[in-house]
Each structure stands twice: as structure tokens, then as C-alpha cells.
Amino acid sequence: MAIQEILVPDIGSFKDVEIIEVLVNVGDTINVEDSLITIESDKSSMEIPSPAAGVVKEVKVKVGDRISEGSLVVMMDVTDGAAAAPAPVAAAPAAPAPAPAPAAKPEPRPQPVKSPTAAVQSEAAKLDFSKAYATPSVRKFARELGADLNKVTGSGRKGRITQEDVKAYIKDVMSMGGVPGRGAASGNTLGVAPMPDIDFSQWGEIETVALSRINKLTGEFLHRNWVHIPHVTQFDQADITDLEAFRKQLNEENAKSGMKITPLVFIMKAVVAGLKAYPRFNSSLDAKGENLIRKHYYHVGVAVDTPDGLVVPVIRDVDKKSIMQLSEELKAISGKARDKKLKPADMQGGCFSISSLGGIGGTKFTPIVNAPEVAILGVSKSDIQPIWNGKEFAPRLMLPLSLSYDHRVVDGAEGARFTTYLAKMLGDIRRLLV
Ligand code: CAO
């Protein structure tokens with residue numbers, strides 16, 4: 001044991017910066033890399049970690065003091081001899097972030113297995129929070145709950161992440177049926193090298209734009225589903241020439257009411273017919289992957305494009321609603337989504353999702369299954385094609401369908417049967433009545 005001065009290490013271009021937090025008290029037992037103080041410049045904040053383990057004997061700084069490299073922070077009764085050289089520091093940039101300096105990435109400490117949440121905590125312990133703008137107590141809180149701080153949007157001063165922000169993030173993740181921290185951690189569990197941290201400004205002018213909360217959450221779920229679900233996408237097309245003529249007629253008849261019917265509502269009805277004919281598509285795998293939970297209700301999620309990102313509100317009991325009711329509900333719920341008024345419950349309980357890009361364009365795409373559902377239908381823009389009718393080529397309006405499904409639940413043959421069935425229903429919508 002020896003009393004040792006703990007000094008501010010090399011902190012790059014930071015000089016004469018203000019201390020905004022003192023994170024230790026006399027008598028505290030400190031481990032190597034525990035943060036001692038937080039300093040803040042105009043652009044970012046930074047935590048100064050302890051290069052040594054021991055007991056704090058004297059705190060030599062207070063909030064508001066200004067420090068530079070070499071300033072004395074604490075006197076410590078050192079128990080771990082690794083103290084001699086001050087450790088490099090990990091910067092926590094505020095938005096907009098400056099080009100990050102190469103940051104030391106402390107090895108995560110092993111987490112004792114104590115509770116059912118230990119696995120999630122241990123995954124969170126592996127995450128690198130060095131760029132998250134949060135105090136040590138908030139970092140600790142996030143690790144305890146297994147939350148990935150990199151995905152939390154800060155509401156504090158200069159975008160600092162508060163404990164409340166972590167709680168709100170956990171609430172959002174849970175309400176969408178997820179596990180905090182798992183999304184990002186899943187990349188690590190594959191043993192894949194992390195994405196490199198690149199300074200793009202070396203090649204030209206750049207700007208940094210923060211992802212919205214929806215972007216972050218959606219990204220986490222898409223990543224999780226992409227990694228966990230063995231996807232197959234089946235392509236097909238439906239002849240909607242007659243359906244389109246009927247839809248146009250309905251729209252003309254309803255012109256005064258202002259109600260517009262799009263192809264999507266007919267597709268929803270055809271999907272429900274498909275779910276009834278092929279019930280494996282209306283199921284979910286249980287958590288152990290040993291049983292299928294078959295649903296006897298027909299709630300369909302519809303992907304809605306909003307300025308803040310993709311959301312998938314659910315329209316309930318599609319089997320029990322008319323084309324007009326579905327049109328009204330689709331209009332209302334997509335409006336609610338774009339006005340950011342959806343509640344978590346509006347996005348839960350779906351059996352199957354539809355992602356329609358038909359109003360935009362494209363010929364086909366491969367949507368990602370919206371787990372715990374087992375399939376999703378992508379719809380692209382219809383166009384007129386020459387179709388052989390046995391005697392000649394006739395111009396027909398063809399609708400491209402892209403069905404992605406979880407291959408653990410649905411076989412390829414069943415996938416092809418489902419799209420063939422959809423095409424048959426959409427080709428002659430009278431069949432939806434049978
Ligand atoms: N082929 C050709 N035209 C189509 C079409 C199709 N498959 N689907 C819709 N259209 C037409 C509509 O009839 C409408 O035409 P008019 O204005 O002439 O009447 C126009 O395209 C716009 O339709 P819309 O997009 O407003 O309405 P919708 O009912 O088809 O879709 C909604 C509603 C909320 C699903 C849609 O607005 C949306 O947000 N789509 C994007 C979904 C998305 O981002 N998916 C990707 C997720 S990642 O997998």
C-alpha cells in the first residue's frame with residue numbers, strides 16, 4: 001500500500017476544461033478504469049478513469065475547477081500497482097460529435113451469474129459504451145438492466161443520457177417484445193468482427209445526423225430478426241386487371257365521400273384467406289422453438305413509412321371488416337403513425353405483416369420477417385405486362401408479390417402454395433367470398 005497522486009492523463013487537445021462532476025468521495029474503493037471525474041468542453045464531455053485500484057484518501061478537485069493534463073485529481077492508497085502511468089481516457093462526444101480520437105477500450109469485467117437477467121447483463125457488459133454521453137452512474141444503471149447505451153437518445157444537456165432516458169428505452173424495447181441490449185450483442189455472439197469506426201471527414205466534408213429513436217429501435221429489431229430467422233423469399237405475381245377495374249369503379253362511386261380505396265385493402269383480405277387456408281402462416285414459434293402457437297384471430301400489421309422511420313401498426317380482425325372499414329382504418333392508423341401518435345399497443349398482436357411499396361415503385365424486394373410473426377408479404381408496383389392466354393399475348397395488370405418466411409416454420413413448397421393462393425384470390429376476388 002502506498003499513497004499516490006492520481007493525475008489527469010494525456011487528454012489530447014483538451015486544456016483548462018471544466019469539471020462538471022466529481023464521481024468519487026474520500027473512503028471510496030476504486031478499481032482500475034473506474035471514472036473519477038467528468039470534464040466538459042464546448043463540444044464534448046470526457047470521463048477520467050483511474051489508472052490504479054485503491055482507496056481514495058483525499059479528493060483534490062471540485063465541480064467547476066478547470067484542469068489540464070497533469071492536474072492532481074485525488075490522493076489514493078494504492079492496492080494495485082498498475083498505477084504508475086495514467087491510463088488513456090475514453091471520450092464521450094456530445095452531438096454533433098467531433099471526429100473521435102482513438103479511444104482506449106477497457107476490457108469488460110466478468111459479470112457474476114446471479115440472477116435470471118445475468119445473461120442479458122453479461123451481454124451488456126461486453127458492449128462498448130465509450131462513445132455514449134452518460135455519467136458512470138447511468139452507465140452502471142444501463143449495464144445492470146442490460147440496456148445498450150449506444151441506442152439510447154439523450155434528453156439531458158447537450159444530449160446527455162439520463163437515467164430516465166435509459167428507463168424510457170427499456171420500456172420501449174419491452175413494449176415491442178424485445179430484450180434490451182440483445183440486438184447489438186447478437187452481432188458479437190456470431191463472432192463477427194465489429195464494424196470499423198471510420199473518420200469519413202478524411203475524404204471530404206461530412207455532417208453527423210443522429211438517428212431517431214424509431215430508427216434505432218427498428219434497426220435493433222430488424223437486426224435481431226435478420227440474424228435469428230432463416231429467411232427465404234418467394235416471388236410471384238397476381239393478375240389484378242379485374243380487381244383494378246372494380247377498385248376504380250368503387251372509387252368513382254365513393255368520390256363524393258372522399259374515401260379512397262387502394263389495392264392494399266384487397267391484399268389484406270387475400271392474406272387473411274391465405275392464413276385460413278395455410279394456418280402455419282398464422283402461427284408463432286414458442287420461446288424454446290419446440291411448439292407452434294396457432295392463432296385463431298387475424299390481425300395484420302401494415303408497414304408505414306414516416307419521416308422518423310418505419311413503424312408497423314396492426315389492424316385487428318381483418319376477417320371481420322369490410323373493404324370500406326379497412327380503408328378507413330388504414331387511413332386513420334397511417335395518419336396516426338405519421339403524427340407520432342401510435343401507442344405501443346397499436347403495434348402489438350400482429351399475426352402477419354404487409355409491406356407495400358406499390359405506391360412508390362420497384363419490381364420486387366426481400367422484406368424481413370417481423371418476429372414473432374413467421375411471414376411477411378412485400379408488395380411492389382403493378383404494371384401492365386403481355387401475358388399469354390393460350391391464344392395470344394394480352395395486356396394484363398400484374399402485381400408483384402414477395403413473400404419472406406421463417407424457414408423453420410414454413411417449407412418452400414408451402415411458401416409457393418401460399419403465394420399461388422394469394423395470386424388466385426387477387427386474380428378473382430369473388431373467390432374471397434367463397
Ligand atoms: N401498384 C400500383 N399502384 C399502387 C400500389 C401498387 N401495388 N399500391 C398503391 N398504389 C397506388 C395507390 O392506389 C395510390 O394511387 P392514387 O393516389 O392514384 O390513388 C398511390 O399508389 C399511393 O398509395 P398509398 O401508398 O398512399 O396507399 P397504400 O394504401 O397503398 O399504402 C401505406 C398505405 C401506409 C402502406 C403506405 O403509404 C406506406 O407507408 N408505404 C411504405 C411502407 C414501407 O415503407 N415499407 C417498407 C418497409 S421495409 O420492409
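The backbone N, Cα and C atoms fix where each Cβ goes, and this holds for glycine too.
What you see is a predicted model, and the numbers here were worked out from it, not measured in a lab.
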_Please identify the range among 92-120, 208-236, 237-265, 353-381 that TrEMBL labels region 'Disordered'._
92-120
*Looking only at the domain 'Lipoyl-binding' (3-77), what are its DSSP counts of helix, strand and coil residues?*
0 helix, 40 strand, 35 coil
*asked:* Looking only at the domain 'Lipoyl-binding' (3-77), what is the model's average confidence as pLDDT?
replied: 85
*Would you list the DSSP helix, strand and coil counts for the residues of the domain 'Peripheral subunit-binding (PSBD)' (133-170)?*
24 helix, 2 strand, 12 coil
